[in-house]
Amino acid sequence: MNLQSWPAFRARAPHWFAILTAYADRHWKWLTFLIWIAILVGMLVDRWPAIHWLTLSDTDDNIRFVQVKDWLAGQGWYDLRQYRLDPPGGANIHWSRLVDIPLAGLMLFFRAFVEQDLADRLACAIAPLLPLFLLMLSLGSIARRLAGDAVGARWAWLFAVLAPLAAQMGLGMFAPMRIDHHGWQLALALTMMAGLIDRNWLRGGVVAGVSSALSVAIGMEMIVYLAAGGALVALRWVFRDGAGRRMLPYGLSLAGATSLCYVLFASYDNRHMVCDAISPIWVAVFGAAGAGMVLLSRLPLRLWWQRLIAGMIVGGAVGLFFLLNWPQCLTPYQISPELQQLWLANIREAKPITAQAQSLVVPLMALPAVGLLGLLWALWDVRRDSDRLWAFATIGLMMLFSTALLFWQLRAGPAAQLLAIPPAAWAGWRLVTAIFTGSRRVRILAGIGTLLVGAIACAYPLYPQVITLWQQATGTKPKPWRPSAIARTDAIKKANGRCRTLPALEVLDQLPPATIFTMVDLGPRIIATTHHSAVAGPYHRNGATILDMHHAYDGPADAFRPIAAKHHATYLLVCPNFPEGTIYQSRSPRGFYADLMRGTIPAWLQPVTLKTAMTLPYTLYRIDYSAPGGKKVAQQR
């Protein structure tokens, strides 16, 4: 472009930008799909080493992988027991087949073109990204609703669609190989939110109700968010005349879809009165709640206080019905106090944010903090527009609720970040719009605000650098760790990584299939990567087996063999410095596992040598049930 053409370009730029804006507004869903494809390709390239080595790091990912392969190999649709955990009876897994469907479909698709191992890896890589597209569509829809008809509103969706890239904890739920159900539940929660504020009340009610029912069919982890969403539908009906046009389809779709999902997806074990999965309990509760909403929406109540009283009566009746019949469901896991103390209390995600390290808390809370500031700005900005004010209040209440849950459990972090995106993206959109449309002073302030929002969006990579610069500028130094503490931490990290790797574990396939007694957190990985079985995985319905394992490691050596025999274990696999094992060592320094790590090997444990060129990170023993039980042989490790 020469200098003579520059004025002509500037003159025509607004015209071309208007055409581009109109196209983007009309085809925003198609453009969102293209952005999703770009993100998908980028994440596949970035995570290819993990894909190649089948790095399913979470226990849920490994169990999901095995469950789907077992289903494709002929296990029944309604039979979700994992028979390679604690065989022969198997472990009771409380999930449903709903999330298995896309993963199984991708496996079958890729198996038609490549060999099975590669096909399964590709399926595990792509399956978690499918709910990311649903999440992006929901965020775009919410952003368009919140932007209204303001200047530049046609581009608001773009900020929301790209914002998950700044929510690293939330985005991690959609990363390749993250095939558990949390990504789908998070996406459905945002879909429910899009339905709650949809201007089309019929469509919004159906979307919110069906997405809530699908989330329940997947699992009960999001039940508090779904209950809050239902409460917001009822509140809108109380304070807005005519809002029954949303509540009626919401109640019908919630009750109907939950019942249908129960018929289609509830496993044999979930046909009992259980609280932790879709079951007759939740069909009854959501059926009663949906029927109550339908009834309320049809009552000729013209005054808000009349609707409030009626809503309190119906809501109280549903709550009383639930409380009188199933009070046990008020506790999240229905496990024994002993199991709570020995096992669940040691899970990091089950602890509040106040118990976490600052290096995790600050980046995690950055996006919710921007969301809160954006919410306050938005509420002031739309204070005279009651319709948008309610939409922002709905989103804001859910955001504040999810952030408050962080002070109960860290596992609320992904939801807190993703639910903060709508107000945070709205603030980013308004700042960028002000740069192009505001006065000179407004442009300067908007530019500063945009830089701050951008810096906060990059909190995860920037935070360590900021801390380092601050320490250099102020001359402060962090309290140094003892060399022994550093060495111990490094050893734990190394063991946690190496003991789970495919090359290390697939060596076990040299041995005939058997049951291996190992760490609770390592059991799912063993059955996903070898043909062996394991005794347990971290699934609360199998609390008795988990307690047996804790007793075996915490108790004396003489108590180990009877427990191992009870669960038909042939081998014992120990990985020194594995995180779970350090708990046993610290809690029971005179226990069997601590003695084993000190090198005191009972005579009835026979080391097994495996043929491999690599140095294995674990030690495998054959349990000799015929040997005398009292004698111990000291052996240096």
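Count begins at 1; order follows the chain as displayed.
Note: Cβ is positioned from N, Cα and C throughout, glycine not excepted.
Here is what TrEMBL records for this protein:
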TRANSMEM  28-45  transmembrane segment
TRANSMEM  122-143  transmembrane segment
TRANSMEM  155-174  transmembrane segment
TRANSMEM  186-202  transmembrane segment
TRANSMEM  214-235  transmembrane segment
TRANSMEM  247-265  transmembrane segment
TRANSMEM  277-296  transmembrane segment
TRANSMEM  308-326  transmembrane segment
TRANSMEM  360-380  transmembrane segment
TRANSMEM  389-408  transmembrane segment
TRANSMEM  414-432  transmembrane segment
TRANSMEM  444-463  transmembrane segment
Tertiary contacts of the transmembrane segment (389-408), as residues 6+ beyond its ends and Cβ separation under 8 Å: 142, 145-146, 193, 196-197, 224-225, 228-229, 232, 236, 240, 352-354, 364-365, 368, 371-372, 375, 378-379, 382-383, 415-416, 419-420, 422-423
When counting Cβ pairs under 8 Å to the transmembrane segment (28-45), the leader among 155-174, 186-202, 277-296, 308-326, 414-432: 155-174
Cβ contacts under 8 Å made by the transmembrane segment (308-326) with residues that lie 6+ beyond its boundaries: 234, 237-238, 273, 275, 281, 284-285, 288-289, 292-293, 295-296, 299, 301
Recorded stretches the transmembrane segment (155-174) and the transmembrane segment (414-432) touching, at least 3 CB pairs under 8 Å: yes
Top Cβ-contact partner of the transmembrane segment (186-202) among 122-143, 214-235, 414-432 (pairs under 8 Å): 122-143
For the transmembrane segment (122-143), sequence-distant contacts whose Cβ falls under 8 Å of one of its Cβ atoms, 6 or more beyond its ends: 28-29, 32-33, 35-36, 39-40, 43-44, 47, 51, 54, 56, 61, 65, 102-103, 106-107, 109-110, 114, 156-161, 163-164, 171, 173-179, 183-184, 186-188, 190-191, 193-194, 197-198, 395, 418, 421-422, 425-426, 429
